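Below is one structure, written out as structure tokens, with a few remarks after it.
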Amino acid sequence: MAQLRLALNQIDSTVGDLEGNAESVLRWTRHSVEQGAHLVAFPEMMLTGYPVEDLALRASFVEASRASLRSLAGRLAEEGFGEVPVVVGYLDRCEQAQPRYGQPAGAPQNAAAVLHRGEVVLTFAKHHLPNYGVFDEFRYFVPGDTMPVIRVHGVDVALAICEDLWQDGGRVPAARSAGAGLLLSINASPYERDKDDTRLDLVRKRAQEAGCTTAYLAMIGGQDELVFDGDSIVVDRDGGVIARAPQFEQGCVVLDLDLPAAAAEPVTGVVDDGLRIERRVVSAEPLAPYEPEVTGSEAPRLEDDEEIYTALVVGLRAYAAKNGFRSVLIGLSGGIDSALTAALACDALGAENVYGISMPSRYSSEHSKDDAAELAVRTGLHLRSVPIGPMFDAYMESLGLTGLAEENLQSRLRGTLLMAVSNQEGHIVLAPGNKSELAVGYSTLYGDSVGAYGPIKDVYKTYVFRLAKWRNRAAAERGHTPPIPESSITKPPSAELRPGQVDTDSLPDYDVLDRVLKRYVDRDLGAAEIIAEGFDAATVHRILAMTDRAEYKRRQYPPGTKISPKGFGKDRRLPITSAWRES
Ligand SMILES: Nc1ncnc2c1ncn2[C@@H]1O[C@H](COP(=O)(O)OP(=O)(O)OC[C@H]2O[C@@H]([n+]3cccc(C(=O)O)c3)[C@H](O)[C@@H]2O)[C@@H](O)[C@H]1O
Ligand SMILES: Nc1ncnc2c1ncn2[C@@H]1O[C@H](COP(=O)(O)OP(=O)(O)OP(=O)(O)O)[C@@H](O)[C@H]1O
Ligand SMILES: NC(=O)CC[C@H](N)C(=O)O
């Protein structure tokens, strides 16, 4: 047996910020080396950020990534960390043409490198490319065809990149065939509700298949609609958990692993899935065990509501920070959607950076104004009131609108007003629409749907209530003031665009609506299958027709944090112009 002190850096990176990301690698390598690490790892595409989308198609960006990698190798050595191998993800290109994938020479690759003694000693590309959900890596990348193995202090470490673990075959069985003592996978795995359990099961299963200890290093942070929740995992060859990092927290997991010593006669040649073993020896001599030994720990897990709420906070914070904004602006109606959005914003950016505007019209109830004011008092956000009556009257005088046009005008005036204040004061506008509304198109185009980011666009209305209650309960348990006024939670949802209007005038009860939507949107079931589950046929047809009709509206909605297996974003790509009707 040999001992290896492994440092898994569960950190954030910013798409396109090659310099800043390289600085992070240097900083965290310093930290890892100070902890005595023999092998230091960083997440998938750490240098470029993930996902880079069509930036991968730009040769200038690919070249900049390659140059940045080489320069990083040199800087690590200059800083005195050259003896410690560093595994880091980056964007590369393939030297040879790949007719099998229809790609000419120079096609991009989702790659990783081992840096040692100032050199890039080994590079390899992801073998299995994900091409479903939010991923379309076959659009960009050519898969790798090697099985990289590095010998570090007498241990053979097989390397893999994210999806390599998710699909059968390839690098997991190849690691076993290559006789690896450790399988190290670097990842950028976007958050989804319940995915942590799936990942844990996956890593345990793959460790057993690979027949060796398996380390799964995850990224944290946010990129547009995606959140990366961390939760790095190390399991032994029987699938027993050795260490689990905290969810949503940046940090470095350092632990000593007792691993089988590498064979004197290493396996070479082509193994599973046609993967050619490519080996490098970075340090052959086994080290004496370190004292004291660093053992793994399992960070406590967040319960489901807290986990989802935290993902929403992280997604919003990342979007604002990475796009250069410190403050946000929200129309506060006193209702639950804008209240939850405001609570999230206060948690993400601090109440001092959250600006609310109450914009009452002649149809606004007293409680809508009072509840907005109460929200401001409870959270400490800035609130002002700008009645829209005079603007509304001016439009009506010029245009003489009636019915829906008159109703929507109020929402549009609020949208225009928010964008005007955004321009003037520099806060980005948050769109407070939820997933149920987005599904059926229950919002006004260029009205309440304006904004830069939709923090709750992947949260069904029934879950909006649940999260609001959880947030209030969590505050009370910590001895803090619950942020959301009780009456915002208990009153019937209303758009207040005409006297006495409530959402259920136009929509089925949210409980039924959400259950049907989960089947149609999240699971892609057809009308017949949903009705067969016992739902009222007329209600199902109505909901499906509304959902289909609203595609054009969704396409114009701002991006927002994905928390479900199928959010309205890159996950769900439907034609706007379509004659197909389920009903
Ligand atoms: N296929 C298509 N492709 C592109 N554009 C299309 C289109 N079909 C209609 N349009 C355009 O869209 C317009 C209709 O959309 P839009 O103007 O939004 O109006 P619309 O969807 O007809 O009405 C908005 C609905 O949302 C409700 N609402 C509004 C505000 C807040 C809330 C809430 O509770 O949160 C609810 C409101 O009560 C009403 O039922 C049409 O006049 C047309 O210009
Ligand atoms: N009187 C108002 N003052 C400020 N903003 C408003 C007002 N009415 C509506 N809005 C904005 O428009 C959005 C749509 O709200 P609306 O009241 O129509 O229904 P909702 O979807 O139930 O939202 P909420 O639960 O926040 O009320 C609100 O979230 C808010 O941002
Ligand atoms: N970056 C990746 O390859 C991610 C794909 C993987 N299935 C995941 O969601 O974690």
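Positions of Cβ are set from backbone N, Cα and C atoms, glycine also.
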Exercise. TrEMBL has N408, E437 down as binding deamido-NAD(+); which of K553, K562, K566, K570 does it also list for that site?
Worked result: K553
Seminar exercise, completed: Long-range Cβ contacts under 8 Å made by the region 'Disordered' (556-583), restricted to residues 6 or more beyond its ends, are 133-134, 136, 190-193, 222, 224-227, 308, 311-312, 315-316, 319, 431, 433, 435, 438-439, 445, 449-459, 520-524, 526-527, 540-542, 544-545, 548
Exercise. So which of K126, S189, K195, L332, N408, K553, listed as recorded positions, have a Cβ under 6 Å from an atom of ligand 2?
Worked result: L332
For this session: Have a look at the binding-site residues (S189, S333, S338, N408) and report the one with the fewest Cβ neighbours inside 10 Å.
Result: N408
Exercise. Near the region 'Disordered' (476-503), which residues from the same chain, at least 6 beyond its ends, have a CB less than 8 A from one of its CBs?
Worked result: 333-337, 339-340, 342-343, 346, 361, 363-365, 367-368, 370-371, 374-375, 378-379, 407-408, 410-411, 442, 461, 465, 468-469, 510
Seminar exercise, completed: Candidates G331, S333, S338, N408 (binding-site residues) with CB under 6 Å from ligand 3, in sequence order, are none
Seminar exercise, completed: Listed in sequence order, the residues of the same chain lying six or more positions from G335 (ATP binding site) whose CB sits under 8 Å from its CB are S368, D371, S488, K491, P493, S494
For this session: List the binding-site residues K195, G331, L332, G334, D337 whose Cβ sits under 6 Å from any atom of ligand 1, in sequence order.
Result: none
For this session: For K126 (active site, for glutaminase activity), list the number of other Cβ atoms lying within 10 Å of its Cβ atom.
Result: 26
